[in-house]
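Taken from Swiss-Prot as is:
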- 21: site 'Transition state stabilizer' (SITE)
- 28: site 'Transition state stabilizer' (SITE)
- 160: site 'Positions MEP for the nucleophilic attack' (SITE)
- 216: site 'Positions MEP for the nucleophilic attack' (SITE)
């Protein structure tokens, strides 16, 4: 990592979603996990990584929760207006990065992934920065994958050896990701993550294998598992 030490990276955290699948009284990023909200765990973990100098959080203008958090007063945390879709929120963050010339590289990380290991961030940076393009953390598919018909009968079994779960962070140059997202949105493309926007431009970002415990909290049962992983991480740090 020493060869990359002068480099600083801005992280964009899109957090304007409501997370309806959680069936909770508030967006999932504001649910309490091990004494803090999910998004506080996520942001504090990112800021603790030495190469991260700023975290930009894209939040709905009518969000009533974020400003009440202690993390909101951290000078390294910048709030911008989130959009209707993830891509709109990330683009809003990128516009701030460009306007203020914050960094050449940006990472995008899900607000609901609080269990990210610093070793995975370092692994991503080491693999991607020399490539001058970008890449994402990903996890190989382990289960047998089935393709379904509209009536939920099985159409076929898919070869899982070529399938990966896309995780975050996803790391790209600021200029490239800005161009890709702006172009994709203008063309009405379905942009499900940052890599897909880059792929639409004809590029092939790198897959860097990350830990499977970097889970995204999506369902109610994920909270207990995430709390277990967080406590395990704390125990390892203190040993």
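Each residue, glycine too, has its Cβ placed from N, Cα and C.
Residue 28 (site 'Transition state stabilizer') is surrounded by 27 other CB atoms, counting those within 10 A of its CB over all protein chains shown. A Cα-Cα distance of 30 Å separates residue 160 (site 'Positions MEP for the nucleophilic attack') from residue 28 (site 'Transition state stabilizer').
Between residue 28 (site 'Transition state stabilizer') and residue 216 (site 'Positions MEP for the nucleophilic attack'), the C-alpha separation comes to 10 Å. Mapped onto three states, the DSSP output places residue 216 (site 'Positions MEP for the nucleophilic attack') in coil.
Packing around residue 160 (site 'Positions MEP for the nucleophilic attack') is summarised by its Cβ count: 13 other Cβ atoms lie within 10 angstroms of its Cβ, all protein chains included.
Other Cβ atoms within 10 Å of the Cβ of residue 216 (site 'Positions MEP for the nucleophilic attack'), summed over all protein chains shown, number 17. Under the DSSP three-state reduction, residue 28 (site 'Transition state stabilizer') is assigned to helix.
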